[in-house]
There are 2 protein chains.
Amino acid sequence: MYKVSRQREWIYDYIQSHPDRHMSVEEIYEGLKAENREVSVATVYRNLKILQDENRIASLMLESGKQVFDKTCRPHDHLICTTCQKIFDLDMPYDRSIERKAEHQLHIPIESHSLVLYGTCADCLQKKGKV
Amino acid sequence: MYKVSRQREWIYDYIQSHPDRHMSVEEIYEGLKAENREVSVATVYRNLKILQDENRIASLMLESGKQVFDKTCRPHDHLICTTCQKIFDLDMPYDRSIERKAEHQLHIPIESHSLVLYGTCADCLQKKGKV
DNA sequence: ATAAATGCAAACCTTTTGCACCCTA
DNA sequence: TAGGGTGCAAAAGGTTTGCATTTAT
């Protein structure tokens, strides 16, 4: 159905090559431009949708309503640092026991969950300690 | 700082009197109009912000990017039914052990969390059983 | 009396769409 | 060479803002 396109691969590569960031549409658009890989905004929007549809990337909606993109579709939780606001993918095993526990309490089948932790990331913790 | 206003109380009452729904700005606006309590959209937006600022209500951002409002600020988890899409406030105790567990694994302090479960709600489960 | 709240319309931003042209398979 | 894909600009959608007027304290 979808064909390969140069622009789509630029976008995909850009996300993969910044694994520690979770970027918004605008950040991706501006970032590519800065690398002399300018793509029109419309194309960025269209391709981010297609990449999600192909399960090559995932997206995460922040409480602010800003959508950011994740390099992987593998289920995992997130940490949002309440100091620097950075978003981290957690290596902590995605915990199905949370779902099993809820099933027992609610008596309904649970298929998946979304967990975001808010706290201070290791970097910020270290910086605070140094003051 | 804030004064009492008729419109703000209408909005607050409207949210409180529909505890089983999590409504968007538009649904609140339309709902009030249907009760002959028309308030301008701008005022609905302004007051929903103020009500949150006063901690009288909370809001929840859905994956779709739609913001919906919650009658309570008490920390609690949510269930989103994957069949009817309704959102439920969970009575399940807000589980601090999730945070403690993450602290142990990540060695950083966790302040709070946001947990959304996806599954089939009791109503939909029953309807399915009846087929 | 004064500071906040309202309604209205204009302004804003972000996302989507229509269309002529271009590029994969 | 047919069916996606692209850029551009216009359109659409949702939210905010400026301002004159009204309302609460």
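Cβ coordinates come from backbone N, Cα and C, glycine included.
Automated prediction, rather than curation, is the source of TrEMBL annotations.
Owing to the predicted nature of the structure, the values given are computational and were not obtained by experimental measurement.
As recorded in TrEMBL:
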type	residues	note
BINDING	B:D77, B:H113	Fe cation binding site
BINDING	B:C81, B:C84, B:C121, B:C124	Zn(2+) binding site
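Here the features listed in TrEMBL are placed on the structure.
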residue : record                 : DSSP (3 states)
B:D77   : Fe cation binding site : coil
B:C84   : Zn(2+) binding site    : coil
B:H113  : Fe cation binding site : strand
B:C121  : Zn(2+) binding site    : coil
Among B:C81, B:C84, B:C121, B:C124, these being the binding-site residues, pick the one whose CA is nearest to that of B:H113 (Fe cation binding site). B:C81
Just name the most isolated of the binding-site residues B:C81, B:C84, B:C121, B:C124, going by other Cβ atoms within 10 Å of its Cβ. B:C84
Can you tell me how many other Cβ atoms are located within 10 Å of the Cβ belonging to B:D77 (Fe cation binding site)? 22
Consider the binding-site residues B:C84, B:C121, B:C124 and say which one has the Cα lying nearest the Cα of B:D77 (Fe cation binding site). B:C121
Determine which residues of the same chain, besides B:C81, B:C84, B:C121, B:C124, have their CB within 8 A of the center of the CB atoms at the recorded Zn(2+) site, and list them by sequence. B:T82, B:T83, B:Q85, B:K86, B:T120, B:A122, B:D123, B:L125
